[in-house]
Every structure is written in C-alpha cells, then in structure tokens.
C-alpha cells in the first residue's frame, strides 16, 4: 500500500494535502496575526501579516478580559476534575479489572448505556437540584458535574489498560504479605501512570474547552472558566478583533504547547475516547 | 493427664490468637467481604456521583416533562400536554427539529467523504506524514469559543476572507454568511466541520493502518485498480470504525449546542435554531422548566431511535 505508488501520483497527494493543511492552519495563523495588529491596521488588512506589531493588545486583553482570574479558574476546574476522575475512576477500574466483583459485566453494560445519556435530558432537574443543594454557581458544583461526566470514559480506559498488564507483580506483593490497599497504592499505581497521563490529558482538555455546562451553571464572573468568560468578552468587545484575538491566543497557547509536546498521548487518548464513548 | 494439659494450654492460645484479631474487625477478614463486598466499595463512590448527577436527574426529568412548571413553586401535572403542544402547535420546535435533521444529513456525508478521501491520500504518503497529521488534528483541540471567534472574523462580509479575495479580483464571496437566514445554518455547519473532520480523518487513518498489507498485495495480484482496492479492501477493513462514527454522529446531531449558540444564538429569525438552543431558551431564559424537560426527552428519544436504527441495520446483515 505504501511503496508501489509512483512518485508522480504522490505529487497530487501532496498538493491536495497541503491545500487542506492550509485550510486547517491558515485560520489559526490569521487569529495570531490579528492579535498583533492595531485597530486601524485590522480595519484595512484583516487577513495578512501585521504591518506594525502591537504587543499591547495582549496586555489590554489580559486586563479587560480578566484573564488572570479566568485562567486560574479554568486551571482549578481542570486540576480538581482530573484528580477526582483519576482517584475515583481509578479505584473503580482497579476493582473491575482485578478484584472480580460479582456482577461486573452487568455494571459495565450499565456504564456503557448510561454514558450515552445526553446532557440535555438531565440538565433541567440537575439545575434545580443544584440550586436547592446550594451547589449552583459554585466551583464545587461544577467540579462534581465534570467528574461525573468524565467518569465512564476514565473507568473504561483505565480498566482496559489494567487488563492488558500482567498480574504477576501484584501476586508477588500479595505473597510477601501486602494487603489489597498496599497492592493498589504501592504496585498498581506506579505502573499505571501512562494511562493516568492519557486520561488526564483528555479530561483536562475537555474541561478546559467546556462551554455549555459552565454557561448554565455559573453566573458569577469571578468563578467563570476562560471559555464562558471569553464568550462574554467577545460579546462586549465584538468589533475589537485585535483584543479578542489576543485573548483567544492566550487561551489556546497552553493547550497547543501541551498538545505538541505530548502529541502521542493526546491522539491515543482522544481516539480511544471517540471509540469508547 | 500431662498430655491433655499440654493440649489445653496450647489450643486456647491458638484460639486466643484468632479471636483477638476477630474481635477487632471480624467482618474485614471474612472471605465473603473480601471477595464480594470490598470490590464494590471501590466502585461505589464514582457510581454514586454518576447516579446523583446523571441518572437521578434523568429520571426526574421524565416527570418534569409531564408538568407545567416555572422551576420555582409548585408544578402542575398536565399529562402529555407539553408533547402535544410541541408536535402540533409549536412551529419553532418543528423548525428546530428540521434544522437538526439537516445538520444530521450534512454531518453524515460531508465530514465522512472528506475524512475517507484524505485518509486514503495520507496513507500513501511517507515523507512529512506525521507533520501533516498533526496539522489536521490541531483544530480539534481548540475550544469551541475560539473556533467560533476565528470564523466570525473570516466570515465577516466587510473584513473576512470574501473581502480579501475581492481585493485580489475574485468577486462575489464577500457575504454576511452568519447574518443571512438562508446561509446561517450552513455557515455554522461549515465551522463545526472545520473543527471536526480532521479528527475523523485520523480515526480512519489509524483504522486503515491496521489492515494487513497482504490483503493489498492479494488485491494487486487480482488486478484491482485503486478504486476497487479502496472499495474491497480499505472500506471493509475500516468498516467498524466508520459504522461506529456514523452512529455517534447520528446521536450528536440532535444534541449540538456550542457552535450554534456562540455564533448566532439560533438566529437570525430562528433560521439556525436547534433543539438544544431552543431548550436552553425555554428552560433558562423563559423559565419553562416542564416544557424544556419535554424538549430534552424528545431530543434524547430521537437520538436513541437513531442509535437503535444503526444497531438494527448492523444486526440485519450489514456485516459491520
């Protein structure tokens, strides 16, 4: 499949692929260029390179978009959700893969079917319940929801990773007199870190980008993650594209750097997530 | 006597040893607990969370859909009235449903054709393959608010790509795509697809690479051309992935919210209203909790029916 195509054939492949690469990356470059332009420059030259680089846009966007607050909020949501998902999901995955609970197949079917329940089916009762529990418009309320949304994916991925590992180390630890808790914390967790990294990246990316739940469940500006806050920011400064573009670049820069650094883990995680859910 | 004495002094200490530990936590050491109950204690926390956040409210939502309720105070039970109103009186709802069906038609075709074609092209390429792959994947990791923000600029009639092309002599593409009720829905679909199709392509490419290469050799010996090769080797090889993604697309198409809400709020004049944006407006802006819940159930039911149809076809010998 790879070798026998002539070179002349491959030239056409490259031409089409490169055009589509331009379609994929061009708009992101435009965003970056626009983030550096002055207001007047943008008005006459909205697509091309900036004529004068105006780095103050970033300072202005940082201050007016309150990125110091919202990026911190997003980081809090990401860290706590990932930690919760890994601890609680990891415990469940460990049990399903190793402790053979009676009825585990039934539980997997339950998780598989219930993980497809659409957000819009339960959002209204959840909103009302969160309001009466005092969890509406709080960080904890949002984090609890995010952990629940992401738990099926985490359980399935961690479980299948564990099933692919041999039980020999654990059995050896048991022979040496370790109890189940010690087996889990001393033996299993250290060899699980690649799967933890994958789940952490996928869940973290999801929380960092999440919009609809944050839109519905948060009202206070000071609690908003960067997504809904940026959305409000673009509503307010709709025509000031250099400002909104600078804000967007600040939001995606950490994600892109992390993605380029840990590409393989991202891609495996996201494609497995796509297959599993 | 001596013997029995010895026996009596040794056996109580042995018995004592066990009773001491059993006194502390006898149940912790029972076989039944270790084998049957403890595993579930590991699973319980996350399951409880999932039950409280997802499953419980889903069940309660079914009751809400049978009531007329503002979300505060007492709910009035009205039976199936909300559903009657939805399907027989509410033209906005039917319009939204129609838009979701158009969305479904778009997303079942355009991204799949693009992804299959490009994955085939990319599978033959060696040099630069990883870089190209990365480039196609990047739009997928961007948050929806950023993607929407980028394309709001590019689709602008005065300052977007249309205006830029006009400067280079290509006329007629400067158009308010998001502001015209004839093009708004298509423009949003285009933007969402820009972010989505590269991911689909990577999924197909990964699946293609797990097809054994001797199948291609055999096809070559049989004199198959490239198209036949694609049709008889590649496509059957990646069919499970394609099928699964078609099914997921069918489900997601009825739940889409982000791009529509961020780009147009369902406008102009309801021309890009979707079930999810309509639900959001009913429940969280007009405080019709009962009516909103009825929309939520209807959306979920349609998505569920779609999934069932796919599973049914699969069983009926589509052989996937």
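Glycine is no exception: its Cβ is also placed from the backbone N, Cα and C atoms.
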When TrEMBL is consulted, the range among A:39-61, A:108-130 described as transmembrane segment turns out to be A:108-130
Note: vs the transmembrane segment (A:142-162), the recorded stretch with the largest number of Cβ pairs under 8 Å from A:75-96, A:108-130, A:241-262 is A:75-96
Outside the transmembrane segment (A:108-130), at least 6 residues beyond either end, the same-chain residues with a Cβ under 8 Å of its Cβ set are 96, 136, 141, 145, 149, 152-153, 155-156, 212-213, 216-217, 277
Given the transmembrane segment (A:12-33), its same-chain partners at Cβ distance under 8 Å and 6+ residues beyond its ends are 46-50, 245, 248-249
Residues outside the transmembrane segment (A:75-96) whose C-beta sits under 8 Å from one of its C-beta atoms, at least 6 past its ends, are 104, 107-108, 139, 142-143, 146-147, 150-151, 154-159, 161-162, 184, 188-189, 192, 196, 199-200, 203-204, 207-208, 210, 225
